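Step one of this worksheet: look at the structure below.
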Amino acid sequence: MTVVSPIRVLVVDDSAFARKVLRQVLSSAEGLEVVGVARDGLDALEKVAELSPDVLTLDLVMPGLDGLGVLRALASSAAAPRVVVVSSAGEESELAVAALQAGAVELVNKPTALATERLYELGGELVAKVRTAAGAVARAPPEPAPSPEATSAPVARAAAKSLVVVGTSTGGPQALTRLLSELPVDFPAPLALALHIPTGYTEAVARRLNAHCALEVFEAVDGLELRPGRVVLARSGQHLKLERHGPVTLARLDRQPLRTAHHPSVDVLFESAARSWGSDVVGLVLTGMGDDGVAGARAIREAGGTVLTESESSCVVYGMPRAVKEAGLATDSAPLEGMLALLRRHVR
């Protein structure tokens, strides 16, 4: 009988109460072992060297060396633990997204200081994300891209002949940063994105992607028009559906269907794209856990469209792309660094 070693976890938080609660929650989960706690960034780096944890749960706002400083210090080590950020939406959302772009694998939304007793409610989500992180592959964060140069005149754009829809989960902020930073300002198709991320963070994701991208990136609002030069990111907590009226395609936000495991759902976005754009849709499934996107990829293929998947070699978690590929729905696959060439081949 094979004995499976427990996942070794180090809890990092400057709040003694948070350290206590997170330790209790994680220690009570089967297959997890909390090997230590750290009160700040420097303490965390010392404990990482001493205890060799598999996963770090990381607070971001700490005295001295903060969470981003810890991530930067760990970035040079291939043996570094995987990081799950435990952060509050609102003022910390920008920091949390920066941490995901810098290599953190997962994000758990922590209650604000006024509701610390609700930390116990994080249990199931935190345990699941620690387990996901333990199986993730470390990928170097993308090189900081120069800020897109402002153009003195608007880019002349023809009406879109294709639509690109993208679905991703674990590792998604890193992957989207790398992909979008490579797209030229005259990329001919509008893009719609569905990213699994806790509620309250997509506005910050859109802002940070916009800073790295020659295209304009927006958090979806109901009625926003999709057009070439524009990237629309589904708002966390709601589905993004696409509605076409002749040459005009609009974003629609909706909680229905409620039965889906994720809001936004990649399947819901892809299925609406297949209905509205038919054979002119290119669906792209990037790194992520689970199988969200399989039903949507099937709808795109049945409509005559194209489905591309990220290769295992560049995925943080090869779950969603694998599920699509194993279902026989992938038209083609490529690592992230080859995805722009693949898009150019399939986008008109």
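Cβ atoms here come from the backbone N, Cα and C positions, even for glycine.
Straight from Swiss-Prot, the features:
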- 8-125: domain 'Response regulatory' (DOMAIN)
- Asp59: 4-aspartylphosphate (MOD_RES)
- 157-348: domain 'CheB-type methylesterase' (DOMAIN)
- Ser169: active site (ACT_SITE)
- His196: active site (ACT_SITE)
- Asp292: active site (ACT_SITE)
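On a Cα basis, His196 (active site) lies 5 Å away from Ser169 (active site). The two recorded residues His196 (active site) and the residue listed as '4-aspartylphosphate' have their Cα atoms spaced 20 Å from each other. If you measure from the Cα atom of Asp292 (active site) to that of the residue listed as '4-aspartylphosphate', you get 29 Å. There are 26 other CB atoms within 10 A of the CB of Ser169 (active site), with all protein chains counted. There are 28 other CB atoms within 10 A of the CB of Asp292 (active site), with all protein chains counted.
Across the domain 'Response regulatory' (8-125), DSSP assigns 53 helix, 26 strand, 39 coil. Sorted by the number of other CB atoms within 10 A, the recorded positions Asp59, His196 start with His196, the lowest. The average pLDDT computed for the domain 'CheB-type methylesterase' (157-348) is 96.
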